[in-house]
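S.K.: For 34-54, 78-98, 107-127, 130-150, 165-185, 205-225, 273-293, 310-330, 333-353, 381-401, 404-424, 454-474 (among others), the entry in Swiss-Prot reads transmembrane segment, with the evidence type sequence analysis.
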Amino acid sequence: MQEIMYLAPELVLVATGLVILLTGVFLSPQSKNILGYLATLGTLAAIFLTVKSFGLLTMEGFSVQYTIFSETLSIDALSQFFKLVFLAVALIVSIASIKYTENSDHTEEFYTLVLFATFGMMIVASANDLILLFCAFELASLATFALAGFEKQNARSLEGAMKYFVIGSVSAALMLFGLSFVYGATGTTSIPLIAQNPGLLTGNPIGIVAIVLLTAGFGFKMALVPFHMWAPDTYQGSPSVVSALLAAGSKKMGFVAAFRVFIIALAALQPDWQFMFTLLAVVTMTFGNVVAVAQTSVKRMLAYSSLAQAGYIAMAFAVMTPVALAGGIMYTLAHAFMKAGAFIAAAAVVWMITSEKTGNLDIPDHLDSFRGLGKRMPLAALCMTVFVFALAGIPPTAGFMAKFVLFSSTIQAGMTWLAVIAILNSALSLFYYARLVKYMYFMPPEGKTEKVSIPFPYAAALLVAVAGVLVMGLWPEPFVELAMKAAMVLVPF
């Protein structure tokens with residue numbers, strides 16, 4: 001019974017998803033909005049239970065860790081922190097989707113997939129066994145594959161979903177192949193037991209092969225270059241609320257899995273994978289920012305921006321000090337609020353363009369669609385401004401504080417050159433973020449000019465995301481402390 005209680009947040013999500021799926025069958029499309037509110041309530045309940053368990057873990061000290069179900073699941077500060085990241089994204093997406101799924105015939109399927117995807121991500125965060133880790137990865141991936149192609153009549157959406165599915169399937173095969181090499185060398189799939197037998201991997205060519213395969217497998221989900229090929233098309237083609245879930249939530253699943261597998265299980269091979277992540281971090285952040293400059297689709301620009309942000313988080317693997325790991329972990333939460341909010345703001349603009357049937361209907365998220373947004377939809381423009389400035393690292397936002405912790409710890413570790421590259425990339429990103437702000441506030445609107453009321457679900461989701469960005473920026477101490485406790489699971493202080 002005690003083990004079940006530790007999984008209460010996950011069970012709440014599954015129960016909510018099943019209730020939504022069964023209830024939706026008996027509701028008319030016009031009555032299905034209630035399902036969005038039910039999904040929101042279920043997510044809020046899961047957040048409450050996760051926060052409560054996080055408090056119990058940290059009350060007794062920094063090193064408290066519980067393992068359940070024959071030590072296949074670990075309940076610790078790292079798992080609970082990432083569960084909060086996933087649930088925060090699910091909350092924002094669930095609220096915004098109340099408008100997106102309005103009058104849809106498939107509302108119940110949509111919310112069930114969102115909640116089941118979040119459930120899979122949360123299991124990945126706690127996975128203490130390679131087999132369970134892979135199964136949870138696939139559960140979340142299958143749900144997001146379906147969500148990416150949710151608009152079956154949209155050719156761009158189907159193209160992005162197909163690329164996501166094909167490349168995702170290949171990456172899953174590579175990941176499973178890498179995990180099998182680790183099992184073959186160590187004789188176990190338990191992450192703690194693998195860590196306790198470092199001699200079985202060091203000096204063994206199988207260990208190097210496993211690192212390469214696992215980097216490719218996890219790199220796909222983290223959208224690290226050159227494993228990013230799916231991301232721009234999928235983020236642009238998917239419904240904006242789904243893009244928010246993928247960029248802000250699903251990507252973090254790859255990071256928490258990599259934290260456990262590389263830093264804990266494969267600690268003996270640190271010199272090898274540390275070099276790989278250093279190279280990937282530099283290439284990813286630079287490529288993402290440079291290509292984002294040339295984009296005219298805002299969602300595609302945000303996709304390449306997500307590559308750059310992944311490069312910043314990957315710096316934690318390159319530096320490998322406790323503070324740098326805490327900075328990378330904190331950045332995942334900051335990025336969740338910033339990126340989810342930015343995609344929801346884009347969703348509001350896409351709704352405005354498609355409902356008015358004006359502008360570029362083929363690419364409704366084109367930069368021209370954002371012309372004069374400050375006058376036409378002031379709240380969406382203001383929130384988008386907060387998000388892009390936070391992504392650029394402008395104070396007093398979550399992005400600034402997370403970058404400050406991560407970059408300063410990189411300098412303290414003696415890797416000043418890496419910090420300089422990251423700072424220059426942040427400066428470059430300010431160009432395309434500022435260009436978007438210019439379009440919203442300093443360029444006249446195309447077509448209609450009258451003010452548009454933003455739908456309540458979009459407004460509520462935006463305000464939740466803005467609150468997260470500003471609270472983390474203005475009051476960072478508790479978030480830094482929680483991130484430090486999570487980092488202690490990986491590297492003892």
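Note: Cβ is positioned from N, Cα and C throughout, glycine not excepted.
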S.K.: I'm a bit unsure how to read this: which one of 107-127, 130-150, 310-330, 333-353 has the highest number of Cβ pairs shorter than 8 Å with the transmembrane segment (404-424)?
M.R.: 310-330
S.K.: For the transmembrane segment (34-54), could you work out the same-chain residues 6 or more beyond its ends whose Cβ comes under 8 Å from its Cβ atoms?
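M.R.: Apart from its flanks, the transmembrane segment (34-54) reaches 6, 8-10, 12-13, 15-17, 19-20, 23-24, 27, 75, 77, 80-81, 83-84, 87-88, 90-91, 94-95, 97-98, 101, 107-108, 111, 114-115, 118, 457, 482.
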S.K.: Name the range, of those listed as 130-150, 165-185, 273-293, 310-330, 333-353, that has the largest tally of Cβ pairs under 8 Å with the transmembrane segment (78-98).
M.R.: 333-353
S.K.: Report, as numbers and ranges, which residues of the same chain sit near the transmembrane segment (165-185): CB under 8 Å and 6 or more residues beyond its ends.
M.R.: 130-131, 133-134, 137-138, 141, 145, 148-149, 194, 200-201, 204, 206-207, 209-214, 216-221, 227, 229-230, 265-266
S.K.: Taking a Cβ cut-off under 8 Å, which residues six or more beyond the ends of the transmembrane segment (273-293) line up next to it in the same chain?
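M.R.: Non-local partners: 211-212, 215, 219, 223-226, 228, 262, 266, 301, 304-312, 314-315, 317-318, 320, 418, 421-422, 425, 428-429, 431-432.
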